[in-house]
């Protein structure tokens, strides 16, 4: 749950090994008293340590799964035969007196109640000890029970061992193992092995490779294919070395791991994995991993869902006892219900072997003549077991699976001083030095002294029993008084002995030894008539005077008297049952009590003032729930120093359990459950205590142990100092989930703090497929786990009718990321042979949405710095050199240091934009200045709040995107202008040449006519007029021809410029919207920074006030400190509320300003279009005059200096010279607008 030591843990777990003696086998006589049978067998163990097997009388091999073995016993702890015939055959009663040393009993079963006993007697001496120790060591091996890579090998081994009389493997055994779909099995057998149902297989022909080939035919794996495709196999049936290495480092690696302590996988290590798991030599030679090898890797030891450190003893065991959750049992002796169940000594063995470190003993007075105290459930019809047998069983098994201390929780109803003395003597003689009687020197029983640690108490047994502090003289030490019947009810928990009942009272353990108290009517059953037995006090043993009683004894005596006076005799005790009838302890039993002294709980404040860590209290679950609801933080504080025990209420007559997580959440250590009932609470308890080496002790989270920290288990926010987790679980597929052809569904639950608990995520039900169902569904998200070290994840599979298949409990803080196989367990947390689930998990630290940018910058700082540099370069192209330098410094700051508002700057004229194509919009002068002024500096909110204004259009026109667009549009217009200019100049040259030629011909024609005719002057004049008229018409045609070309070109250019204008406006709108989005994001960051700054100012103010208050007198200081804290809270709440209101108003102002910018953009567009249209129209109207001036040499005021005028001014009468001039004009004027 918590408490892993810092740094890299040195793994202490060892893999299972089978010694040669067990592999070779030994001769034993197997006897069964019920069947009156005895057979000589040879016990063997397979080389992997999976199965114990022997050949029975019918020549068939019997097997026993090693993981089902719960204990092995030899000597006097082994079962002895009672049948005279079997005893005679085994040699009992003969000369050999060492026969007991040859006996061995193997206890096996799926849970602590349903156990079987296999009895053996060794033929040879010194054989039993080796077999017993090695079998128990293999059965308890933690690595063997957490090895998914051995699942298929184990199934293969079982088939190989179960041969028939001919020494062959029956095919029916294969069909039985995979009975969920026999048709698929038969098809796979035919395709893979060529055997039919009625045949058998020679063991040497049934290799592991053939078995795996059969499984590949039996199980199609579309889930693995999909994973390979997602990794990057791209339809190929293999992964390359680089792909495998990337997959492991990116998908399978926890990003939270330190790269120095846990470096990423290197190529050489990835190659070793391929060599280990790839069965195909061709792929192996090419450093490739096939689908089969990839599936093997997913189930390999390197890819466990949990690190081995979580399974190993990795927690600090040197903290006080109160710092641990302790595996605890209630009514340990019962095997079934609370009313008529069977009591069993074996249950104490099984509970302790299961890791329980606190067992309960309900002891009652024995009957004459033996007067042997016994254990039973008082006032019910449950059976009895002798106390001595129970203590011997505890002594035998207390430290077989865990060396850490065991607590014996006595509920003492023995109202006989003689029998209590016998109880104490049994404890001393049976436990010997293991029984802790005197407190340790380092940990005296004094106020303020913490409890010793589990490490200090290794191998010790502690007694929890009512301890009566008696005066040293004046009263016989052996006196014992039973409580009167009218004091039979307790108001809060158990009586001053803090003992625990469990059920309503129906009968009596003995008609002459138990108090006649019964509240069986609470459960509707008839009360049994009993004769009340008088207490020793009524018989004349009165208390002596306490004038010589020490202060502590007097104080405790007064407390007990107070309890008796305040008890309500009429209040029913249905929940608390027999605790009220417990008797006072004698000196003999009191002497055995030290660090676990039960006292009646009064209040948390009273316990804090007493400050006695060795005192503890017990709470029935209903009273504990009341305290948990009313005072959760005080409950946590109490459990930091003292022990508390929670036990089920008495109305749970079916031995059901409450959910232990409720009380773990407040740090209760001894959360006792009914171990015989494997319901969900007990399953959770068994799963949780599997970790930390199954020691029975789990270190509580640090926040629940530190005296300087307070913890609220009902918190819904992240606790300062605790790293919350985020977890995502996707159930992909299952394998061999049931032996029936049914649908399967999977539930995923989380147990932890109330805010962390989630129930129930559930997949859909597969359609009649329990072999290999595939669930392609969305993952289950646990976005925020506030206290991951106290949270557990449960993944459970069920058949469609709700029948339990298997489950697994995983500590959230230790779950690894990636794809993993999860082998399922039964209700008692024992591993199942084949059922498994393939899941995908993502485990990470929880990061609030507001801090995602910071987290990304920390995770990938190189990428973050590169992005900042890139942004700085982009800004440098838009703003001046000095501002660029300042912006670069700003971008290189951490995200928490950046300004929240976007600063505006004056736009820099674009050198390419020497003729503006749209008028500038209304310009504002935004600033990011503080709202505070000299008159407002006293206003705390105004001094913190900064104003943010929208960026104006003029500044956004200088955006890089706009500059780039204008550059492209200018280039486009220049190209179009060049094209038109070339056509116009060429036509102008031709027209000028034609005019020059016509002019020359016109001058010569009148002279020739005069010479030839010389007749009439009038005719000559008339002819000149006609020539002049024709020349003018020629001129007009020339002008019109050039005018039509230029007007068409002007219209094309106008259309292109209008198109550019629309593009520019659209792009400007996108820039505006992007700027607004960025501004809102930065405004959100600015809000958080302003809140933090406000809180810092308030905290500083509070600290200053506290420093001043500490200088005052003590009584004034406390009052003033209280007032300072109250004022600080009020001022903080009000100030943050005012700041949030001001921030909201600022947000609204910014939104309104941004809307004005957008409206300005919308209103501006038609004006720009009209202006551009007018400008183009004016240029088009000037074209006729330009052309006439160019062609005819006319001059007129107001004519533009167009290219045609330049052509005309250079003169074209010189022919080629005119052409050269036209070319020069083109090169000189190509950048001038028409």
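Every residue gets a Cβ built from N, Cα and C, even glycine.
Here Swiss-Prot flags 2 as N-acetylalanine.
Look at Swiss-Prot and you will find 330 (among others) tagged as active site, backed by sequence analysis. Look at residue 330 (active site): DSSP puts it in coil.
Feature annotation from Swiss-Prot assigns active site to 377 (among others); the stated evidence is sequence analysis. Within 10 Å of the C-beta of residue 377 (active site) there are 30 other C-beta atoms, taking all protein chains into account.
What Swiss-Prot records for 465-586 (among others) is region 'Disordered'.
Sequence annotations record features per position, and here Swiss-Prot assigns compositional bias 'Low complexity' to 486-513 (among others).
What Swiss-Prot records for 554-566 is compositional bias 'Acidic residues'.
Residues annotated as compositional bias 'Polar residues' in Swiss-Prot: 577-586 (among others).
Secondary structure of the domain 'C2' (706-834) per DSSP, as helix, strand and coil residue counts: 6 helix, 59 strand, 64 coil. Marked as domain 'C2' by Swiss-Prot on the basis of sequence analysis: 706-834.
The feature compositional bias 'Polar residues' is assigned by Swiss-Prot to 886-907 (among others).
Look at Swiss-Prot and you will find 886-936 (among others) tagged as region 'Disordered'.
What Swiss-Prot lists as compositional bias 'Low complexity' is 924-934 (among others).
The feature region 'Disordered' is assigned by Swiss-Prot to 1196-1234 (among others).
Residue environment of residue 330 (active site) contains 26 other Cβ atoms, counted within 10 Å of its Cβ in all protein chains. The two recorded residues, residue 330 (active site) and residue 377 (active site), have Cα atoms 11 Å apart.
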